Amino acid sequence: MELNVLLLLLCLSGGQVGAVEETLMDTRTATAELGWTANPSSGWEEVSGYDENLNTIRTYQVCNVFGPKQNNWLLTTFIPRRGAHRVYVEMRFTVRDCSSLPNVPGSCKETFNLYYYETDSNIENKISTFWNESPYLKVDTIAADESFSQVDFGGRLMKVNTEVRSFGPLTRSGFYLAFQDYGACMSLLSVRVFFKEMPSVVQNLLVFPETMTGAESTSLVIARGTCIPNAEEVDVPIKLYCNGDGEWMVPIGKCTCKAGYEPENHVVCKACPAAMFKANQGMGICAQCPANSRSTSEASPICICRNGYYRADFDTPEAPCTSVPSGPRNVISIVNETAITLEWHPPRETGGRDDVDYNIVCKKCRADRRACSRCDDNVDFVPRQLGLTDTRVFISNLWAHTPYTFETQAVNGVTNKSPFPPQHVSVNITTNQAAPSSVPIMHQVKATMKSITLSWPQQEQPNGIILDYEIRYYEKDHHEFNSSLARSQTNTARRTGGRVWMFMSVQVRARTVAGYGKFSSKCGFQTLTAEDYKSELREQLPLTGSAAAGVVFIVSLVAISIVCSRKRTYSKEAVYSDKLQHYSTGRGSPGMKIYIDPFTYEDPNEAVREFAKEIDVSFVKIEEVIGAGEFGEVYKGRLKLPSKREISVAIKTLKAGYSEKQRRDFLSEASIMGQFDHPNIIRLEGVVTKSRPVMIITEFMENGALDSFLRQNDGQFTVIQLVGMLRGIAAGMKYLSEMNYVHRDLAARNILVNSNLVCKVSDFGLSRYLQDDTSDPTYTSSLGGKIPVRWTAQEAIAYRKFTSASDVWSYGIVMWEVMSYGERPYWTMSNQDVINAIEQDYRLPPPMDCPAALHQLMLDCWQKDRNSRPRLAEIVNTLRPMIRNPASLKTVATIPAVPSQPLLDRSIPDISAFTSVDDWLSAIKMGQYRDNFLSSGFTSLQLVAQMTSEDLLRIGITLAGHQKKILNSIQSMRVQITQSPTSIA
């Protein structure tokens, strides 16, 4: 089966295949009477004759040249069209020269007319109504290139004329041909009716089916192609255009061989043999399996690792399989009281990898070492416990006089693939005596006007018998060098001799035979005020009175703490209450989500936490650089969240050495995007802020920015496809407008396109307030960037008045960019020239072949009065019926000859500067077509100004980009001729 397919593809791909002519009728093959109908009967006559090769043929002849007002009709039989949209008629005939006929009146002719009548049924019952011109459609008047005379006739010199005419479009089941003679002496030797069909073709791993030509000579019929077996699509959908002359144009789209297959002669994808592989789809060839791997079957996309060898998750299929490392060597331990330093040499075998790291396993053991358990979390490892790249680690905060076991593991990228534990080396140590750990907390037991009583719990690691405690006191705002010291044999202390309402800071530390531990953290306490004098008197009363006073004091402390707590809570609530009140004044509908500016938060990080999801950096894989932004590079990568499938993402990074303001500005875009949820708005996946570099992660758009995507595919989309893109952009902007969000930088470069041609609004970097007091003539924004003058409304440039109406103006410019396939608005004009022209009511002209309805919508968006511009919801409602009714887009806009209306293309030179067609073509860099113009008769600029796209095709200019450039110049030429009717060449 595969061999048969291969042979078929090889046959189809051989050489350039031209159109096939499928015959519908051919009188040369007739062996009996043709049976055509003639009227009157004295006109056309069917006879048997001979062609120039003396083959017997059935012909029709007529020669009533001596009678006046001849009107002889000849009607063929019904001809089925067999699905053809356009048919061709090849007529072979001879005509007698009227001047060679003696005494012939002036009614003698040397031409005849060809007509056709399209029908679904036979017309024999109403044949009488067909002997005049009214029911027919005229194809052409046929004239002979050569005629014969009496001398020629006597010498049997046949001067046969061959003419081919075509007509269409055809929609009925079939048609009749009619020949009208009105005074000629001629013979219709043969008539062949045929249509053109493109045969199947294989090009560059693409297969295109048989395709009929279009109904018009300029028609381009799309043939949808498929990939050959074991190939897959790349880029845009596959198609090939068949022109009206039956020629295949350049194919669009691409197929490449699947993983496991390689191309052969560009017509088949052949499976990789055993012991070879191909990992990715593409035009690459199969390769030998990498080291320590093998493939046992054909068409392998990857080679399987041999036993004991593995590939890491991040290894490519082209990478060799590797193994785990051996254990570290020569481990040395240095114990210092309750800390230890471990050092070692790298393993002898790295497993063939260069990503060897080290892990430390800490175990605390009993004195006899018969049982060990994992160390507590408070043990410190410097620089860290896992993923060490150096061969040294410092471990502290261990228990004193305690046996420990430390395992030093060597790991690499495939250790987690092995079923066995990592190779390691163990060392056993016992810590020495050490000073006690610090006191964790202090409590105030009692306070008077001049004294404070304190207590504290025993520390977690006394590391021996506590001999005593040292307490350090100093007043608030005094340096600790001005402190006073006291000692206590217990875990309580009383400070006396203070002042009324004195605030003091207190620290305490314990002492063992190993010395003092560290001082505790500072704790603040204070004596009572004069108003609490009664409390001091109660201290001198019996025990009952003292107890009562203590109860009162404790209650007051609880009350104060409650009041303070409520005050803090109220303060926090008040901040959010103000914020909610501020944002509830928007114009959104009830229940509609309203945009919140992240710059209104006192702490911008709070906005990031509220609107953006934090993503662990281990879930992110960076693959390649795809661009650079204001804050750093942009990458393509992969995101694999738990319990979710892996997806492609775009990753914006914050470059090193950033300031806090740059970090805030960078993350503000995530705070903005995180508030949006719409199919035409770029989706935020999350942010990475807890590691470096800081990242913003969004969905990945395969086709990139809209402007460059359109330029790369110039002329490749239908008007309906372009309007569909515009409707998607408008829907996204409508959503933003309903959230009371103003974009401020809407342009085709800030629209991203995915593989399904869905357009999504992106780049929210300029969408924050501009400085109101700036007087910089370059219109510097608060970001330090420039206002995009070519896309910005008049009031936004002049007064910094950014609204949804100014976004509508920008949307009109985006429409112009889309319909012009990514041309630069206002071409090479300077920003100041653009501003001046707009103020004088100049507007952009319609792009080539732009529907009038779309250009009118652009002009509506560019109304000087912002209140007169359509709302984004109205724009969506305007575009929707255009897609449903493509007929509304057939009327193409033209440039009016009124200077106050659309702006002229300033990049095209003045027509008066040219003296010839040659000069003009050289000026627009199209001099290679000089001979095409001159040989076709377009020898003056006056004639060139009348040319159409059909004329360009006819003279051999087939490249869409060149047609567009020449037609733009011709369009400008017409306007300049109309406005300044001077004499031109």
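Note that Cβ sites are derived from N, Cα and C of the backbone, with glycine treated the same way.
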Same-site ATP binder from LYS593, LYS613, LYS652, LYS661, given that Swiss-Prot records ILE626, GLY627, ALA628, GLY629, GLU630, PHE631, GLY632, GLU633, VAL634: LYS652
Candidate annotated as N-linked glycosylation site in Swiss-Prot, where the set is ASN132, ASN336: ASN336
Entry from the glycosylation sites list ASN428, ASN482 having the most other CB atoms no farther than 10 A: ASN428
Maximum Cα-Cα separation (Å), residues ILE626, GLY627, ALA628, GLY629, GLU630, PHE631, GLY632, GLU633, VAL634, LYS652 listed as binding ATP: 14
Any further residue of that chain within 8 Å (Cβ to the Cβ centroid of ILE626, GLY627, ALA628, GLY629, GLU630, PHE631, GLY632, GLU633, VAL634, LYS652) of the recorded ATP site: THR653
Integer Cα-Cα distance in angstrom, GLY632 (ATP binding site) to ASN482 (N-linked glycosylation site): 51
List of residues, in chain order, with Cβ under 8 A from that of ASN336 (N-linked glycosylation site) and at least 6 apart: ASN432
Structural state of ASN482 (N-linked glycosylation site), classified by DSSP into three states: helix
Within the domain 'SAM' (912-976), residues counted as helix, strand or coil by DSSP: 45 helix, 0 strand, 20 coil
Per-region confidence, the domain 'Fibronectin type-III 2' (435-532) (mean pLDDT, whole number): 81
Neighbouring C-beta atoms (10 Å sphere around the C-beta of GLU630 (ATP binding site)): 14
